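Peer 1: Before anything else, here's the structure in question.
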């Protein structure tokens, strides 16, 4: 039998409403979070930033982060709420699942489907990263549309584990199950990885993001970020995603600054968040000489959803939150060259003509 885990985990959320999270349309950004000093494994170091919907209703998502410095010991984790997409930013993950084992390095991702029992070991010690969780659906490759058969992420580059098992007693082994955002414990005296084979395609898998083939415009502006979708969790409405995992890999583009490794930002529905003042002014200053340059040694990414996220209070109150984030847009100036009086006059004339 399962019983509530003690002490309870206060910072995991799977049902988002006014009782536990806050609606906030302001642009938000967080600086990289420190790795804890006290012994902390993947489970204890996992905490929710924002999300929408409900795991109970099988519709929605949650965005988490994790900071850990020790491997899971004599226990395994199982998520009954949804699928995990894990993006390690620092430190490799050695993940043992019922289908086999996967080593996941920064620059790679791993998807752990709902219901699998797994253990996260840290071969490099301290680790930090991001987790997207989807309720009621699964990640898949996006439709390529006009791109055709080749481009973005290729199915051949996704790797599933080779079957591996262990068959020996594990006295007092603990299964920690996430159920409705709460954690429960159960005890057993055998390994959950006593599975000698598997078949089918419901399986944990990983992907090396350097295999991604990005597309970009060659004339003006840039394409919608969805052009860089690696995986998508679709909704019933065509072209609208519950959650897209989008990356911004090394590529040719015009941009002044990147993101801080380990940091995060949140731009909610219909809140402006275009190029910052520094990037805009630097690009405009180059005039006709404004050509692209190659962005290297970076792997920025985005979780994008059609749902409006609610933010956890501990994320809003965190001392790692950058309260001055909005100032990166302060100072944007008009670069129109015509007379403002003429614009007003023309507008009135057009109004009279149309009125």
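We number each residue from 1, going along the chain as drawn.
Backbone N, Cα and C define each Cβ position, glycine as well.
Bear in mind that the values here come from a model prediction, so they are computed numbers and not experimental data.
Pulled these from TrEMBL:
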{"type": "ACT_SITE", "residues": "222", "note": "active site, proton acceptor"}
{"type": "BINDING", "residues": "273", "note": "homogentisate binding site"}
{"type": "DOMAIN", "residues": "2-209", "note": "domain 'Homogentisate 1,2-dioxygenase N-terminal'"}
{"type": "DOMAIN", "residues": "254-336", "note": "domain 'Homogentisate 1,2-dioxygenase C-terminal'"}
Peer 1: Residue 222 (active site, proton acceptor) to residue 273 (homogentisate binding site): how many Å between their Cα atoms?
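Peer 2: With the alpha carbons as reference points, the distance is 15 Å.
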Peer 1: When the pLDDT values for the domain 'Homogentisate 1,2-dioxygenase C-terminal' (254-336) are averaged, what is the result?
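Peer 2: Computed over the domain 'Homogentisate 1,2-dioxygenase C-terminal' (254-336), the mean pLDDT is 86 on the 0 to 100 scale.
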Peer 1: When you measure from the Cβ of the residue listed as 'homogentisate binding site', how many other Cβ atoms are you left with inside 10 Å?
Peer 2: 13
Peer 1: Specify the count of other C-beta atoms within 10 Å of the C-beta of residue 222 (active site, proton acceptor).
Peer 2: 13
Peer 1: Summarise the domain 'Homogentisate 1,2-dioxygenase C-terminal' (254-336) by DSSP state, stating how many residues are helix, strand and coil.
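Peer 2: Per-class counts: 21 helix, 14 strand, 48 coil.
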